[in-house]
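What follows is a set of notes on a single structure, which appears directly below.
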Amino acid sequence: MRAMLKGIAASDGVVCGHVFRYSEPDLSITKRSVTNLDHELNRFHQALEAAVSEVETIKTRATKNLGADSAQVFSAHIAMLQDPEFIKSVEDEIARQRCNAEAALATVVTDYGASLAKLTDNPYMQERITDLHDISKRVTAHLLGIKLPDLALLDRPVIVVTHDLIPSDTVSVDAKYILGFVTDLGGRTSHSSILARSLNIPAVVGTQTATADLATDEMVIINGTTGSVISEPTAAEIATAKQAMADRQANRVRLAKLRHHQTVTKDGIGVTLAANMGTANDIPSVLDNGAEAVGLMRTEFLYMDAERVPTEDEQFAIYRQVVSALAPRPVVIRTLDIGGDKPLPYLHQAPEANPFMGERAIRQSLAHQPLFRSQLRALIRASAYGHLRIMFPMIATLDEFRQAKAIYDDERSKLTTAQVPMGKIDVGMMVEVPAAAMLADRFAQEVDFMSIGTNDLIGYAMAADRTNQDVAYLYQPYHPAVLRLVDRIVRAGHAAGIPVAMCGEMAGDPIAVPILLGIGLDEFSMGAGSILKTRQLMGTLNVHELQSLADTVLNSTSTSQEVITMVQAAVPGILDVR
């Protein structure tokens, strides 16, 4: 049935394609008595074989996208599916109860889980409970004849329609099979939006009803510039969409000519355009889009979907691969930022009423120092292979930074004594807590650089959870209060003679770019897919003129809309860059 949905324009562009609805199916089972045990045993073995084949495919793609170490969790799943004791337990249960295979499987999994749950002092066994339920769900789906949706199993280009996405949903996905995203929830800084901009594909988020209104294989057109979604489009609408796709591709070809250019404004001011990245798999995109640096490498993706904490050597291998491949470009690597919407199951954190305000990021690292020290050692060792910079996230107080820096200094001293090769490393911080922004002048005396993490800074400054649809209207990157905080941080850094970067989504926002240039931001770090169009935009802007714009915005506006109106008047056509 034809439907027209409206959501938030999260990543620009138009695309036409078939839907892949990514949602959990109903795997409810009913216990049935059976008379043909051989048939039931055969059903079970066929489901096992199908599940093993599926997991092997996922493992292969995860190895390609994330590396062999990160794909090891799937080896554990295969081993459990092929475990003779587990298989015999289900076979015996089918025979004992003379019941259907899915009911017997559920009984065995419940019994196994209860036994493992008693081993509360054994983290490894606790992790096996999660693995057990994962493989059980996969086998049950095959027994019920239900296709379990899995982004890692995509084998054709689709438009992903889902309620919401979290980082772990996409760590092993092959990007070439994703044409675009449509979600029920989310905003411009949600994971699906950030991923879409990184991949340079259209996205519409916050539609509320996409998963209810759109079905797998249905033809849709999504417009990530206007925030609209059309299902069952007419032939004329499809033709218009395909022309827009062709125009977008032609524009990409034109922008590609800027790949090897330095970023310079119209009046000759040099600016650094850097890329945000999540894994080593992003290296080609960073290079193809002409990034002059990496302003943020998120290390949490090395830990997600792993069955244990990555070892120092495993981390070292990844960091070395990244900095050596991108040398001589500087690469800022952020220490582990977990908690909030990015928990790690094997750390067994106690539930928190408000995890975004709880033990996350640097707080987690300082509370789990062996984990932190292992990561720092791996980073220090990798610095011998390129230009590596270390950044601590979520710093709120000087005491936190000093404690983290002291641990870094201690590990560096130990490695120096052991004559381990290493390079010069700048150590800086993300400024994403308002308290740190207000004390930026004090921090600037002790750090080598500062990078403004606007995704969280905006949320904390406006007291608005960016994942909560009810208060999404308060998440305002152009709010004068937010811009004043940014200005304060930049001024503090420059007064101390250190560079100031921005690695939040705001750095690649066309409305924000003129203001940030006027404020004097040194480095803009964004999804790689936004770099070339931002370079093109900056080449048309005069910084000296934008300084007047920034002064007026900072001193004469009271609302976000006033800021937007002022920027549009100063830079006509700025919205066409989106």
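The backbone N, Cα and C atoms fix where each Cβ goes, glycine too.
Predicted automatically and left uncurated, TrEMBL annotations should be read as such.
Sequence annotations record features per position, and here TrEMBL assigns active site, tele-phosphohistidine intermediate to His191.
The active site, proton donor annotation in TrEMBL covers Cys503. Taken residue by residue with DSSP, Cys503 (active site, proton donor) is part of neither helix nor strand, so it is coil.
Feature annotation from TrEMBL assigns phosphoenolpyruvate binding site to Arg298, Arg334, Asn455, Asp456, Arg466. Sequence-distant contacts of Arg466 (phosphoenolpyruvate binding site), defined as residues of its own chain at least six apart whose C-beta falls under 8 angstroms from its C-beta, comprise Gly187, Thr189, Ser190, Asn455, Ile458, Gly459, Ala472, Tyr475.
Here Asp456 (phosphoenolpyruvate binding site) comes close to Phe356, Met394, Glu432, Val433, Gly504: these same-chain residues lie at least six apart in sequence, with C-beta atoms under 8 angstroms from its C-beta. TrEMBL lists Glu432, Asp456 with the feature Mg(2+) binding site.
Here TrEMBL flags 6-128 as domain 'Phosphotransferase system enzyme I N-terminal'.
Look at TrEMBL and you will find 155-227 tagged as domain 'PEP-utilising enzyme mobile'. Averaged across the domain 'PEP-utilising enzyme mobile' (155-227), pLDDT for the predicted model comes to 85.
Per TrEMBL, domain 'PEP-utilising enzyme C-terminal' is recorded for 254-541.
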- Greatest C-beta neighbour count within 10 angstroms, which of the recorded positions His191, Arg298, Arg334: Arg334
- CB neighbours within 10 A of Glu432 (Mg(2+) binding site), counting all protein chains shown, number 26
- Query: At the Cα level, what's the spacing in Å between Cys503 (active site, proton donor) and His191 (active site, tele-phosphohistidine intermediate), rounded?
  - Reply: 15
- Query: Taking the residues the record says bind phosphoenolpyruvate (Arg298, Arg334, Asn455, Asp456, Arg466), how far apart in Å are the two Cα atoms that sit farthest from each other?
  - Reply: 21
